[in-house]
Structure formats: C-alpha cells, structure tokens
Amino acid sequence: MKEARKNALLISLTFIGLGLLWIFISDTAAYSLSKKNYESFLIFQRYKGWVFMVITGLFLYGLVYKRSYRLIQSTEALQKKERQLERSKQHYKSLFNHNPDMVFELCRKGLFININPAGEGLLGHSASELKGKSVEMLLEGEALYEARRYYINSLNGYPQKYEIWIQSKGKKILLRVSMLPIIVSGEITGVFGIARDITTEKKKEEMMIVSEKMSVIGQLAAAVAHEIRNPLTSLKGFVQLMQTSKEYNSNYLSIMFSEIERINLIAGEMLILGKQQDIRFAKKDSKEILKQVLVLMEAQANLNNIAIECVDETTASTNVLCDSNQLKQVFINVIKNALESIPSNGEIWIKMKSLPHKVIIEIVDNGHGIDQERLDRLGEPFYSTKEKGTGLGLAVSYSIIERHSGSIHITSEVGKGTKVDIILPTV
Ligand SMILES: Nc1ncnc2c1ncn2[C@@H]1O[C@H](COP(=O)(O)OP(=O)(O)OP(=O)(O)O)[C@@H](O)[C@H]1O
Ligand SMILES: [Mg+2]
C-alpha cells in the first residue's frame, strides 16, 4: 500500500516537474523567437504542446516500466519463497504425521505443544488432550527424576538418548527416547522428542539372557556335581573311619567341617545364579562377584586340569553399579570360553586393574586363539565354532556389559591365546 502511494506520488510529481520545466523552457524559447523570427515563433507555439506530450509520455513510460518491473520481480521472488516455505512445511508435516515413531514437541516448561498420531496411539491420549499438559503426568518415581535430568540437559543444548519406563493406558511401557533442543534464531525455545516402544524387544532380550543363563547352569552342573563329589567322598571316608573306630577325632571333624563348607559354598553359588530375579541395579564390589564366580569355575577348571590364577592389581574402588547375577553370567561366559579353548593342562590368568573411574577385568588364556576373520564375528548371536556351543555366550555378555555402560575388548593370536578385557565404570 505504502509502495503504491509512493509510486503514484512519484509519477505525479514527475509529471508536474516536467510540466513546470517545459513551461519555463518553452516560454523562454517562445519569448526569444517572437523577437527574432515571428514565423518560427508561430510554428513553435503550434507544436510545443505535442513535443511536451511525446517527451513526457516517453519519460513516464520508462519510469512506470522500471518501477512495475521491480515490483513484479520482488513479488515473484516472494511467491517463490512462499512456495518453498510451504513445501518445507509439508515435508516437516509428513515427517511428523507419518512417522511410525512417536514425535512430540515440548515447550521450555516441559508442556506438550504437539504430538503426532503415532504418539497419540502410544499414549492413548489425543493431541488436543495433551496440549498444555506436563510430560511428567506419564512418569513416576525414579523415572521422573531421570526424565527431568535429561530434559534439562537437552534444554542446555545437549541432545539426549535414553530408555525410560512410562505409564501408558494403565500399564508400564519402556521407551527409547531421543531429545534435541529446538533452536530458533540462536535461542532454545523447547525440545523435540522421538520415542519408540521397546518393551517387547527388551523382554525378548531379557528372555534370551535368562535362557542363556539356564543353559550355562546346565553346562556347569556336571563339573559342579563332580566338584561336590570329591568332598563328599572324603566325608564318607571320615564317617566310616569314625564309625569303625567308634572314636571321636577332632582333626577329622575340622577337615569334615571345611569340606561341608566348600559344598555349601558351591551349592549356594549355583542356587543364586539359577534364581529367577528381577533385574535390580545396586552398588556391588566387582571383586566379590568375581570371587563368587571362581568358586564355580574352579570346579570346571579342576575337571580339565587347568589352573586359574587370580591377581588383584587395583588401586582404587572396584564398586560398580550392577545386577550382580548378570555380571556373574558375563564372567562365567568369558572364563568358560577360556577353559574351552585350552586342550588340557593350560592356564588362565585373571587380573583386576584400575583406570580412572573404571575397573578392568582382564582374562587371559593360553588356548588355541582366534583368527582375524572369527574375531570380527564375535558377539554375533549364534556364531559358534564349537560342536555343542549355542553361540550366545558372547552375544549375551556384550549386551549385559552395554547395559552396565561398560565395554568388552577381545584380542587374540592363533596358537598363543586370547585376552578379554571387561571394562566397567566404578562408583
Ligand atoms: N577365549 C577364547 N579362545 C578361543 N576362541 C574363543 C574364545 N572366546 C570365544 N571364542 C570363539 O568365539 C565363539 C563364540 O563364543 P560364544 O561364547 O559366544 O559361543 P560358544 O562358546 O561357541 O557357545 P556357548 O557359549 O553357548 O557355549 C566360540 O565358538 C569360539 O570360536
Ligand atoms: Mg561360550
């Protein structure tokens, strides 16, 4: 509007200016011609109006053409930008509406601004019901504090990735969430979230871990039974001796007591390992967990004539936040692999070392080793080179250690042996 008024003003001012200039020029010329040549003066008088019309017409044509050309050009550029904006809006909308994952937008206060149809289905609430409500209504207990921490981190500009249990349609579901800040003109205005229901996936993984554990227990059973049989034989011997001699022998009794203790320890460890428990993370000493595992593994090692040497080189805390039964499962799997790689009369060295805020459990064997091609496939489920192996031992161990925010590194040389480093964060 302003531009139109400006243009009209410019055209009329130009017209007036040209008119005034022409009047001045033509009057001066007419005056001087009237004095010099009356005939020329008459011709000039007759045509001066025409000349003015042609010059002014041409001038105004040029001016209007230039102005409107610029106007049309800028309108076209604007329309092009609008079309581009509309297209990117539609792209975003289609990414939002047709995404099979839940996509949602929260304001700085953690209130829902928008949620896509997948999210509505997952949470059992419509977008209009959720609008303006706090995301905290879906969370309770520890999950609430965790979610707040992740939310604040993403508001501070750090994208977050985490798993969290939420309340949805009256039941609990596990979500894998990615959160990223929404940055508009350099300012964080809220947070975008993408979430997927991984409850079934997690349950399957848990079932795989449990069934693998049961298979490990089954495999250990023979060695454990054998290990228990030895002290039982000596117990039987002492009982028979005392029975025939009808004498009380305190030396025999103390040996018998320590043998019973060993049976108790082994049976106890086997029972704890086999117990179906909820996964519960707690602060535990990894050194103690390893010690308990060795009670069982020594049974297997003795059966195969293999020595296990354990060295503690730690200089800091070895406490880790863990599910002790799952960690035992990892140690058993790795030590069992080491035992199985040694044909006979071999040795296994277990070393515990400290790193800043970490503990390393190093398990070294002098078995047949692993070539490069096989090394690359370790951890792949069902990959086994053993006749009776399930190929799940390492796959499960990797996934357990990942849950504990740790890592496993394997190096090996064919004919020399293998070294497995299990690294866990300490608390
Ligand atoms: N210490 C080791 N020395 C040599 N080879 C190893 C060692 N650890 C693992 N491997 C190789 O990695 C493969 C996969 O190990 P993983 O523990 O996953 O399965 P498995 O031992 O074959 O079966 P399962 O654990 O069910 O008995 C093994 O078959 C073996 O070839
Ligand atoms: Mg194995």
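Cβ coordinates are placed from backbone N, Cα and C, and glycine is handled just like the others.
Record features (TrEMBL):
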TRANSMEM  7-25  transmembrane segment
TRANSMEM  45-64  transmembrane segment
COILED    71-98  coiled coil
DOMAIN    88-158  domain 'PAS'
TRANSMEM  173-195  transmembrane segment
DOMAIN    223-427  domain 'Histidine kinase'
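Only residues 6 or more beyond the boundaries of the transmembrane segment (173-195), in the same chain, are considered here, and those with a CB under 8 A from a CB of the stretch are 99, 101-108, 113, 119, 122, 150-151, 154-166, 202. Note: the domain 'PAS' (88-158) comprises 39 helix, 12 strand, 20 coil (DSSP; helix = H, G, I, strand = E, B). The average pLDDT computed for the domain 'Histidine kinase' (223-427) is 91. Within the chain carrying the transmembrane segment (7-25), a Cβ under 8 angstroms from the stretch's Cβ atoms is held by residues 48, 52, 55-56, 59-60, 63-64, 67, 71, all 6 or more beyond its ends.
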